[in-house]
Amino acid sequence: MRQIVSTFLFVTVVSGTIIVVSSENWFIIWVGLELSTLALVPILCSGFSPRNVEADNKYFLVQASSAALLLNGALGQAWLTGSWSILDPVNEVTSICLSIALAFKIGLAPVHFWFPDVLQGLPFFQGLIIATWQKIAPLILMFYFSQLGFSYLLITPSLISVLIGGWGGLNQTQVRKILAFSSIGNMGWLVITSAYSFNAAIIMLVIYLIINTSLFLLFDHLKVSTLGHLNTISQLSPISVALVLLVMLSLGGLPPLTGFILKFTSLYFLVANNFIILSSIMIIGNLQDYFFYLRISFNTSLFLFPQHIISSASWRNSTIISPLAPKAWLSSVSTVLSTLAIPLTLPLYIIT
């Protein structure tokens, strides 16, 4: 793909998200979501491999179906109220339709089935886009939607997402599918928090974006596809693999890493609103995340046999990317923030 074409498509993807976030009209929101999706489809299909094309087609079909459902819900809302404004009271039937459409777009259970397969068929950089940037607009809409009094529609899907995110990752050996189920679980944490604090949900979303950006870029740098490959790479680039393990533990919410704030914030608001049983179930779901993240760490770092290096170790430099590359800067900054940013996040709770 030519540079000017890819630049135009990326600008269109960003513009679509900005249109959605800044608009109060349901029709303009639908246009922004479709603009972003249609511009992303050629980007996802840039590899032209059969697996890549299959994942691209699945993504397009799911997004087109959810967009049609969203437009039907918006049309029903406009027919009932005579206005396309998102600020008008929402009917319960149209709210269910809109909630399902937004859940499809972010991969929230029980309509999450497409996300692991799509992410498995894409390169890490394209997977980073659909796991982070493409979820910003639907998530913010869902955050706002939960503030309108329809949070009860989102609590059960969020709880199921947390449990499925833990169960689904237990028996996986493919790195992309582990990232996909982890993303599904984190979507549950974000959405359930938005029912009680919009500002806290936005802070958690920023933390989620930073951690996932770091993890995807590190895996893209190491060219790792399976956990067995990660064990092999650990002997070639031990520092990079150590950073991967730290960021994964941060994504699981292990203190004192940055991801702990994401889980602590959600539990704080749930306990403050006397949802003790719900909090306990979500903790159980997150313990499953801890299990397979720690299992990966043990298998990679603690259970390796000693290796006697006979030749020079200069070949390790082949895995080091140029410090002037944009990915290097983005990966470095996001990795530091993913592991050491707790002191920076604590003052933000003043606004919540």
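Every residue gets a Cβ built from N, Cα and C, even glycine.
What Swiss-Prot annotates here:
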TRANSMEM  4-24  transmembrane segment
TRANSMEM  26-46  transmembrane segment
TRANSMEM  67-87  transmembrane segment
TRANSMEM  96-116  transmembrane segment
TRANSMEM  124-144  transmembrane segment
TRANSMEM  148-168  transmembrane segment
TRANSMEM  177-197  transmembrane segment
TRANSMEM  198-218  transmembrane segment
TRANSMEM  241-261  transmembrane segment
TRANSMEM  264-284  transmembrane segment
TRANSMEM  290-310  transmembrane segment
TRANSMEM  332-352  transmembrane segment
Query raised in the report: Any residues 6+ beyond the ends of the transmembrane segment (148-168) with a Cβ under 8 Å from its own?
Result: 89-90, 92, 95-96, 99, 103, 108-110, 112, 116, 142, 177, 180-189, 191-192, 194-196, 278, 281-282, 284-289, 291
Query raised in the report: When you scan the chain for residues with a C-beta under 8 Å from the transmembrane segment (96-116), skipping those not six or more beyond its ends, what do you find?
Result: 33, 58-59, 62-63, 65-67, 69-70, 72-74, 76-77, 90, 134-135, 138-139, 141-142, 145, 150, 153-154, 157-158, 160-161, 164, 168, 176-177, 180-181, 183-184, 187-188, 191
